[in-house]
Amino acid sequence: MNKFKNIAVYGGGSFGTSLASLAAQNCNNVTLFLRDEAIAKEILHNKTNVKYLGDIKLPAHLQATTNLDIIKDFELIIIAVPSYAFDDSIKLLKTHSISKDNTLLIATKGFARNPTTLFSDRLKTLLPHSPTAFFVGPNLAKELAKNLPASASIASLDIDIANKIAYNLSSKIFTTNVSSDIVTLQVAGALKNIFAIKSGIDLARKQGENARATLIVAALKEIAILSKALGGMQKNSDILLEGVVGDLVLTCYSLGSRNTKFGYELGISSDKKQFLQEYKELVEGREALKLVLDLIKKYNLHMPIISEVASCVIPYVIPAKAGMTYESTQQCLRRNDI
């Protein structure tokens with residue numbers, strides 16, 4: 001199978017930088033595209049991105065630039081921007097002549113906005129001719145950058161594209177599998193951050209490890225509910241992909257996850273209203289909640305865990321409850337139609 005002769009990563013945060021480091025393990029021509037000139041120079045000269053990854057050393061041959069004029073020359077372009085910036089990022093890349101000659105690998109997790117939809121649906125409008133795949137896996141950015149063992153799922157409607165990307169990213173310590181179910185991977189990648197918020201709250205409320213493990217099972221059911229509504233889950237085995245159950249477990253169990261950390265700090269907060277008003281760090285699950293509620297309403301779905309997290313995090317949308325309970329998890333587990 002052919003290798004990509006060069007790989008670009010668009011997005012210079014912790015995840016984008018770690019993906020560039022991962023890609024550079026198998027490719028000698030990898031460039032990280034970012035907006036911050038100072039960070040680009042730091043990566044070029046010091047091989048670090050201290051702001052996002054501390055003192056972790058990046059591969060010696062990894063390049064960095066702010067010059068988007070050359071991104072069209074890269075065969076594989078990995079998109080690793082926050083979900084709120086996805087549309088604007090794709091539109092910007094389009095102005096720099098991205099075409100069918102560029103394969104896109106979407107590593108952003110969440111939903112496109114205005115209207116709420118899957119990234120794959122938005123790309124049909126913005127870049128309909130570019131080959132596209134999706135990257136989802138149990139990947140903490142710092143561990144990826146340290147070259148520790150990990151895995152991911154690569155999904156594309158064109159399984160040959162998925163296989164080629166998997167071949168280019170796989171190594172002795174990084175395992176990939178491929179799937180054609182782009183819907184389930186996108187849904188799981190967005191919802192897992194919301195479930196991680198509940199996991200953090202459960203941890204703060206000392207609900208116990210049994211409850212947190214049970215949450216994983218219930219969360220998988222809610223992922224299946226939304227995925228089926230959007231046309232995914234043609235095979236029940238799709239739920240077992242690394243990018244679904246693996247990413248969910250990691251995000252819900254690690255305090256290295258921003259979403260679990262946010263849920264935990266919300267849970268121990270004495271003034272939750274003030275906490276929510278003053279919390280400035282980006283929490284993707286918090287961003288995704290309102291968008292998921294749009295989809296729940298549109299498709300008339302019953303997803304009690306999502307609704308309960310929303311009542312705690314955005315109480316002006318759903319009336320606030322006294323506190324997070326085990327009830328929503330039980331409601332989901334009682335369903336046998338999934």
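Each Cβ is built from the backbone N, Cα and C atoms, and glycine gets one as well.
Remark: E284 (NADPH binding site) has P82, S83, K109, G110, A190, N193, R258, N259 as non-local neighbours, by Cβ distance under 8 Å and separation of at least 6 in sequence. Taken from Swiss-Prot, the feature NADPH binding site covers S14, F15, R35, K109, A141, R258, L282, E284.
Here Swiss-Prot flags K109, G137, K192, D247, S257, R258, N259 as sn-glycerol 3-phosphate binding site, drawing on sequence analysis. In the three-state DSSP scheme, D247 (sn-glycerol 3-phosphate binding site) falls into the helix class. Take the CB of D247 (sn-glycerol 3-phosphate binding site) and look out to 10 A: across all protein chains shown you find 25 other CB atoms.
If you look up Swiss-Prot, you'll see K192 marked as active site, proton acceptor, on the strength of sequence analysis. Other Cβ atoms within 10 Å of the Cβ of K192 (sn-glycerol 3-phosphate binding site), summed over all protein chains shown, number 32.
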Proximal residue to R35 (NADPH binding site) among binding-site residues G137, K192, D247 (C-alpha distance): G137
Can you tell me how many other Cβ atoms are located within 10 Å of the Cβ belonging to N259 (sn-glycerol 3-phosphate binding site)? 24
Residues with Cβ closer than 8 Å to the Cβ of S14 (NADPH binding site), same chain and 6+ apart in sequence? N49, Y52, L53, A141, K142, A145
Least buried by Cβ count (within 10 Å) of the binding-site residues R35, K109, R258: R35
